[in-house]
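For reference, Swiss-Prot has these:
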type     : residues        : note
COILED   : 60-87           : coiled coil
DISULFID : CYS1215-CYS1347 : disulfide bond
DISULFID : CYS1237-CYS1388 : disulfide bond
DOMAIN   : 426-485         : domain 'VWFC 5'
DOMAIN   : 544-602         : domain 'VWFC 7'
DOMAIN   : 667-725         : domain 'VWFC 9'
DOMAIN   : 1082-1145       : domain 'VWFC 15'
DOMAIN   : 1213-1389       : domain 'VWFD'
CARBOHYD : ASN340          : N-linked glycosylation site
CARBOHYD : ASN499          : N-linked glycosylation site
CARBOHYD : ASN1090         : N-linked glycosylation site
Amino acid sequence: MAGVGAAALSLLLHLGALALAAGAEGGAVPREPPGQQTTAHSSVLAGNSQEQWHPLREWLGRLEAAVMELREQNKDLQTRVRQLESCECHPASPQCWGLGRAWPEGARWEPDACTACVCQDGAAHCGPQAHLPHCRGCSQNGQTYGNGETFSPDACTTCRCLTGAVQCQGPSCSELNCLESCTPPGECCPICRPGCDYEGQLYEEGVTFLSSSNPCLQCTCLRSRVRCMALKCPPSPCPEPVLRPGHCCPTCQGCTEGGSHWEHGQEWTTPGDPCRICRCLEGHIQCRQRECASLCPYPARPLPGTCCPVCDGCFLNGREHRSGEPVGSGDPCSHCRCANGSVQCEPLPCPPVPCRHPGKIPGQCCPVCDGCEYQGHQYQSQETFRLQERGLCVRCSCQAGEVSCEEQECPVTPCALPASGRQLCPACELDGEEFAEGVQWEPDGRPCTACVCQDGVPKCGAVLCPPAPCQHPTQPPGACCPSCDSCTYHSQVYANGQNFTDADSPCHACHCQDGTVTCSLVDCPPTTCARPQSGPGQCCPRCPDCILEEEVFVDGESFSHPRDPCQECRCQEGHAHCQPRPCPRAPCAHPLPGTCCPNDCSGCAFGGKEYPSGADFPHPSDPCRLCRCLSGNVQCLARRCVPLPCPEPVLLPGECCPQCPAAPAPAGCPRPGAAHARHQEYFSPPGDPCRRCLCLDGSVSCQRLPCPPAPCAHPRQGPCCPSCDGCLYQGKEFASGERFPSPTAACHLCLCWEGSVSCEPKACAPALCPFPARGDCCPDCDGCEYLGESYLSNQEFPDPREPCNLCTCLGGFVTCGRRPCEPPGCSHPLIPSGHCCPTCQGCRYHGVTTASGETLPDPLDPTCSLCTCQEGSMRCQKKPCPPALCPHPSPGPCFCPVCHSCLSQGREHQDGEEFEGPAGSCEWCRCQAGQVSCVRLQCPPLPCKLQVTERGSCCPRCRGCLAHGEEHPEGSRWVPPDSACSSCVCHEGVVTCARIQCISSCAQPRQGPHDCCPQCSDCEHEGRKYEPGESFQPGADPCEVCICEPQPEGPPSLRCHRRQCPSLVGCPPSQLLPPGPQHCCPTCAEALSNCSEGLLGSELAPPDPCYTCQCQDLTWLCIHQACPELSCPLSERHTPPGSCCPVCRAPTQSCVHQGREVASGERWTVDTCTSCSCMAGTVRCQSQRCSPLSCGPDKAPALSPGSCCPRCLPRPASCMAFGDPHYRTFDGRLLHFQGSCSYVLAKDCHSGDFSVHVTNDDRGRSGVAWTQEVAVLLGDMAVRLLQDGAVTVDGHPVALPFLQEPLLYVELRGHTVILHAQPGLQVLWDGQSQVEVSVPGSYQGRTCGLCGNFNGFAQDDLQGPEGLLLPSEAAFGNSWQVSEGLWPGRPCSAGREVDPCRAAGYRARREANARCGVLKSSPFSRCHAVVPPEPFFAACVYDLCACGPGSSADACLCDALEAYASHCRQAGVTPTWRGPTLCVVGCPLERGFVFDECGPPCPRTCFNQHIPLGELAAHCVRPCVPGCQCPAGLVEHEAHCIPPEACPQVLLTGDQPLGARPSPSREPQETP
């Protein structure tokens, strides 16, 4: 009670003090009924008065609670008093009260673990238990802390006092994944130092780089994290870019030379030749000579190391002159000096003279009156001269510098046109206008034509333009000669006075003045980068721009990163360098993170959470400490526990303050739209985060949060207080890092950074045009500013410096040209001073200006011509000439006729010169004093009878012979081009050609492969040696001649032949004269026949029957008939009358061929290519010659029935059945079918030419089969190929080889039976189980059966007899079953799908794989590329599993290997695969045969041993076959290998045969 009352008393005293304070301020204390709880809305007082009454209310609440507790205790006391009053009083021992109970005297208890109490004399004496270790306190930094107390020495460390020791721990920081870290000020945990570690490389913050592992990724280091984006390759400036290792985008190939490297498009000057400019174009260096602008007429030589001459001096006559220095001149009357590359000359001053036409005396500079100068000509005093003006003759005289003239009649001169009217001088008329003799003029409408009147005839031609007096003249439209009124420079026309930039050299500023262009270098400002660049059309190099996120920034510009405004970027050297903006230090210790920097003091970031300013929150690690956020600063204090009215408070687990047991919970406060606020809880009203409220026992008190001053110049308004996370500038908000145009200053750019705005002038990129217009901020090329004036694009304006020019602005470029003028109506208009366009009020002719009507000497020919200006057109005419006194005068000075030489037929001849007369006149002329006299020529006699006079010639010449389009002279001999062993001779216009008749002059002559006649090894005959080139007659016959011919190598040799006599065509027999002594050829007593145009193409028989003559090209061409060689002796030869060649007398001896006697003269055919005949007991055979074939890829050479030579037919195909049986179709598909019946293997399904059937046998095993026999049906004939090579034809056994013409031929080659059928069918049977059927390409698309349809597509080979595709190979094979076989009617089993390896087991499959592996080994390696081995390997494994162990497995293996080798041979590859123990083939060694894997299909026999191998192979179109062959050097004859010399005699005549055949009983012609 005492305690409670004391507490109540203290509350009352405190309440009174508050009331007095409130009363002093004039307020009243409101009273509320006890037990009534006010709501949050009613308890919120307005204004400052309510805030002042707030503490009073709190104390009133506490006082009311204490009074209520006193009331309850009072009731308990009254109850105890009544109990005590009923008890008897006994003396009691003193007691103590503690922990809610009474303790007897001397009792000891512990209110807590470190405090002990003892009851003495009714009082509790409590004290600390310092002797216990865990009850000792702690002291740190001068501060004392109790046991168990938690404190924080700084914001990042939490400590606790336990048993006298302080235990501290830092904050829980996450692990960092970086190389370097740092702890920012005010933070507890370290962060990664700005920068990125990527792929083992350290990059600074903000830098942009390419990934080292993938160059197509562009990465940026932002906030210690790497962000990568795929690069977009720009379009390549070259047509063939190259992708280099380590690069993403293809680049243009550069150039390397002499240790230097240049990029594509880069230009440079070679060190040794400054005038040589080279350029790199995709790895190739192209060089050209620099074109130097003509800046002055006499520039000084280039400075050392430079190319172009300079105008700071003059180089003249091989000497250098400085500017201003005198220069020597060829004119002594002028003084010249050098002026900046030009020579300026001034005439020497002359005194005045008293005459009007003073003349110049040679050697003097000034004119004097001792002579006259008139119309550009010099005359001596007292000299008389004549002129022609306006068609009249004028006589003038010179008298002391004065000229007087008078008209005079002209003498009559011969001219082409007679004079008319009163005009006495010869005149010309052209286009209705008359011109005097010698006048020159330009006809109207033809400005580039000049005419002159000569001998009364106008002669016009193109005007010869003089050299222009300027260096860059222009050819005006419609003008004849170039003009210096404008300049043509690098194919561009510029007006006079125009300034322009050279398109080829943009760093040259040029000026056009009077047709000459002068250029000077442009001064470029210095650049701030190491590698400046020059763009197209730019003069000066500039630093490259930067491209970042598809935005362009100029060099030196600072800007915000387009995607991250927290980064500041700067463009340098074409690369954007970015880094985080520096953050200002926050004015508080725990600011909130802003957009870029942690500087928002409107709240606190503490312990990983964010709190608004004014918020109270528990300490993140000590629940007994309470923290408060005040403008970014955090203050944490230990919770203060209020005194409790109960004697025994209870400390609940997890709580910081003890509580009275069963004490009623303080009343909470309602919150709109949320749960009730607890007692002593702070909260913000909904929608008003800037106010802070406190709930105390159901009452709510609120106040506005205070705002600290913002540490920035332009803060924006935050939720409650101004914030530096952004800017408020001129009424607009901007994000931190944002750039924006200044709203107050034009052309300025502002940056918002952490609440402050800074503005600076906008950076401008240099304009890409020479005359940019003034833009709003920067110059742009949308218009032009020219000489201080602004113009719009496409606007025309007058040139401010040249009133006659008109300029055009186009995209910042200004082009000025001459103002267009109307074309004048005259040929030589004049531009008066102050005017822009020409007029016809005067004339300007070749730099000379004259008034209308004025006459002056022609500037082009001042000696011989005068010109007059007539209304803007100059009319020029030649001065008159005196008449010539000779009939053939030549032109003299001024083209006047003189008699010093002769002019004949348009050519001038000197006096006394002799020359030919006119063409065809046959005259010889002579020039004498202007007169020409001619006499007729006399032709010399010719020694030939045939003479011809050509057109244009005077005299005839001897005519030779024309042969093969070439003329040969009379008596010449030559070898015709088409026959090297013939000789032709020309005699009296007749060409006679015959084969050279050879004779021998030695015992052993030799004949080379290219010699026509045999030669003797040396030039010696009958003991006499002859020199090279010497010829002689070897015997008494004058027609025989020998010649000693030199040889290219070795000594000379002797060649002898009979002379060739010319043909005496047309000579009558009565006029034939025999040859005289020592003469060889007869002659004709009269002239031979002439081959005229009427006889062209006709033939004539000469007296010699060995010649045939034909009239060709006006020449008789006589050819000697070739006689065949005779086999009979000379004694049995005779020449029939009227014949040329001898023949053998008919013999009676017969021939024996193949055991058959043949009569002499009888002929027979061996095969389609070879025919034989019997002559004089000898068999002669002749074979047809076949031309070589060139077939396409889908065709091959093949023989048709009845033909000798092959022709191009579709390529043949083959089908094979082998093993257990596997079928490879014509189209290449491999099938497996094990039926043991008879089946159609291949058949001609269109015309029924053939049908091949196979009969399979299971050999006593179930589910397997092998080919047992083959039946070939040819019409009515049936051929069966049985086991062990047996063959029957129509049921009868036959011996091989077997021939039944013309259909069938069967032979045995080795162990293989080969059947040839007339339609081109071929069947190969090994006598065991393998059969191969080959058909020519003509059967493409016509076959059916197990071999398929031969249409080139393997996918549709499973077609049954009805033409339908069947679903399985077993169904397909069964559909072609036929009812026949080895034993008709025997039982057979249909094919089904089986797998013999599954039944045989794993071991059998493994052994089969091992043995069949030879197909994939080296013996067959060359074939793998052309024939895949996998199908054959699978078939081989299948067969070995089916065959089982033993010798049958060896046969199955050889079948599969032989099948694969056969396909390899057809593909052109011959594998060598047989070995001593692998599939050995035996051949009859006793008959000389050996085995050959790829033997010739047409072996060497006695009948074809003389045929070249290449021709023999070309005739036998089948590829090589394995079998028994004769070794090299032996030939086959009657199944034996014998030497060629042991063959019987067989004579072959005619052309060389290509494919001679053996006897019919051995082998017929092979067909594919």
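Glycine too: its Cβ is placed from the backbone N, Cα and C atoms.
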Cα-nearest neighbour of CYS1347 (disulfide bond) within the listed recorded positions, ASN340, ASN499, ASN1090, CYS1237, CYS1388: CYS1237
The domain 'VWFC 7' (544-602): DSSP-derived helix, strand, coil residue counts: 0 helix, 23 strand, 36 coil
Nearest recorded site to ASN340 (N-linked glycosylation site) by CA-CA distance, among recorded positions ASN499, ASN1090, CYS1215, CYS1237, CYS1388: ASN499
Nearest of the recorded positions (ASN499, ASN1090, CYS1215) to CYS1237 (disulfide bond), judged by Cα-Cα distance: CYS1215
Distance, CYS1215 (disulfide bond) to CYS1388 (disulfide bond) (CA atoms, angstrom): 24
The domain 'VWFC 5' (426-485), counted residue by residue under DSSP: helix, strand, coil: 0 helix, 24 strand, 36 coil
Cβ-Cβ neighbours of CYS1237 (disulfide bond) (radius 10 Å): 23
Secondary structure content of the domain 'VWFC 9' (667-725), with strand meaning DSSP E or B: 0 helix, 25 strand, 34 coil
Those residues of the chain, 6+ apart, with a Cβ under 8 Å from that of ASN1090 (N-linked glycosylation site): LEU946, GLY989
Secondary structure at CYS1237 (disulfide bond), reduced by DSSP to three states: coil
Which of CYS1215, CYS1347, the listed disulfide-bonded residues, has fewest other Cβ atoms within 10 Å: CYS1215
Protein Cβ atoms within 10 Å of CYS1388 (disulfide bond), excluding its own: 19
Cβ atoms near ASN340 (N-linked glycosylation site) (within 10 Å, other residues, all chains): 17
Inter-residue C-alpha distance, ASN499 (N-linked glycosylation site) and CYS1215 (disulfide bond) (nearest angstrom): 88
Neighbour count (Cβ, 10 Å) for ASN499 (N-linked glycosylation site): 16
DSSP-derived class (H/G/I helix, E/B strand, else coil) of ASN1090 (N-linked glycosylation site): coil
Three-state secondary structure, CYS1215 (disulfide bond) (per DSSP): strand
